[in-house]
């Protein structure tokens, strides 16, 4: 009910009351009606103001700071799409899904990155300048059933440094998807084994980085971009 309707109802109530001549009771009644009218008008006005300015009523939900999920890879690729200037070398390459016999890296594809001097040469990322670099890589293996001989997957990120020209492992991991052999006659179920590695290293200009696996035929290329290799200067 609006404020105007409340005021009108109070006036109509006053007119509907029988008017009596003078006396203490009549005076008290008039005072009570006046006080009631004032309280109704004041209350309605206050309620309208509180609702209008949002002091009461439904409140908008806001996410607290720090609860937003952030994908570091998406954040890195945004530098390219947004055109934000940056002099930091960066690279993000993905596996070639057409070449299932080996792990071949591609840079001229969607969601890949090669900026500020970074190069992809002979399946290796070449560092353009000295400094600290974040190196990361992810691979995903898949198969059907578990053989009698345990399957071991290795994922290695290596560096051939210009200073000593030897290949050194920077990151290395070994995993097995099978705990035991699939029983004879049992249904062979699919399995998936991801490996993710990352670390910060001091590199020199001309250092060559590579990411390799021992059994590339088990790599899962069902979705583009889920097998990747990247370097970001810090």
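Positions of Cβ are set from backbone N, Cα and C atoms, glycine also.
Computed from a predicted structure; not experimentally measured.
Some features that Swiss-Prot has for this protein:
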TOPO_DOM  1-35  topological domain 'Cytoplasmic'
MOD_RES   2  phosphoserine
TRANSMEM  36-56  transmembrane segment
TOPO_DOM  57-234  topological domain 'Extracellular'
CARBOHYD  82  O-linked glycosylation site
DOMAIN    89-234  domain 'THD'
Treating G and I as helix alongside H, and B as strand alongside E, what does DSSP give for the domain 'THD' (89-234) in helix, strand and coil?
3 helix, 75 strand, 68 coil
Could you give the mean pLDDT over the topological domain 'Cytoplasmic' (1-35), rounded to a whole number?
52
